[in-house]
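Engineer: Let me begin by handing over the structure; questions about it come next.
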Amino acid sequence: MQLLHFVSPLSFSSSAAAAAAAAAVFSLSSVFLSLQQLLFSGLLRVNGVLVVEYPREMGSLPFRIGFPGAPIELEGLRSRRYGRTCVALYTARPSREHQQQKQQQQQQQQQQQQQEQHEDPGAPGPPPLFLGAPHEFEAPKRLQRRQAQRRREGHSKQQQEQQQQQQESSSNSSSKAAADGS
């Protein structure tokens, strides 16, 4: 950890980041040990930038570097080879474990707040359940109403046509009967 140096925070247009430079004896175990110490030390903040220089003989570093229990993990942005050395650029992201723990804590806090509201008889109850926007429900209802109206109109037209046919047939039969009788 003595080889890690903290560089003053830099301020970008929309977020703050910290840059850290690491210099260690080049071996795979020493690089990962240094990275592990850095992630647990708190020197590197979320959205911070880390540049790692290592010899080409080590191969390439993984895209994502994280350790169990660490609050942040490193996500690779770029890795370039320059002669006998390689330079990898990483950004610090909140680790998945850390995010899951935060979500669980938030859910527990919400549940406690809901329980407190239910225990207090004077407090208003939870908001009514709302599953979608009104336009998502109005459009199908409107369509159903139009289809039902068209069916009724079509059915009433059929009934009117049948009544007209019956009237015409009854008037034709009565006119024939009157013509036969005369």
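Keep in mind that glycine also has a Cβ here, set from the backbone N, Cα and C atoms.
Note that TrEMBL annotation is computational and uncurated.
Residues annotated as compositional bias 'Low complexity' in TrEMBL: 101-115, 157-176. The compositional bias 'Basic residues' annotation in TrEMBL covers 142-154. The region 'Disordered' feature in TrEMBL is assigned to 93-182.
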Engineer: Let's see if you can do this one: DSSP helix, strand and coil counts over the compositional bias 'Low complexity' (101-115), in that order.
Structural biologist: 15 helix, 0 strand, 0 coil
Engineer: Using DSSP, tally how many residues of the compositional bias 'Low complexity' (157-176) sit in helix, strand and coil.
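Structural biologist: Helix, strand, coil within the compositional bias 'Low complexity' (157-176): 20 helix, 0 strand, 0 coil.
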Engineer: Taking DSSP states H, G and I as helix and E and B as strand, how many residues of the compositional bias 'Basic residues' (142-154) are helix, strand and coil?
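Structural biologist: Reading the DSSP string over the compositional bias 'Basic residues' (142-154) gives 13 helix, 0 strand, 0 coil.
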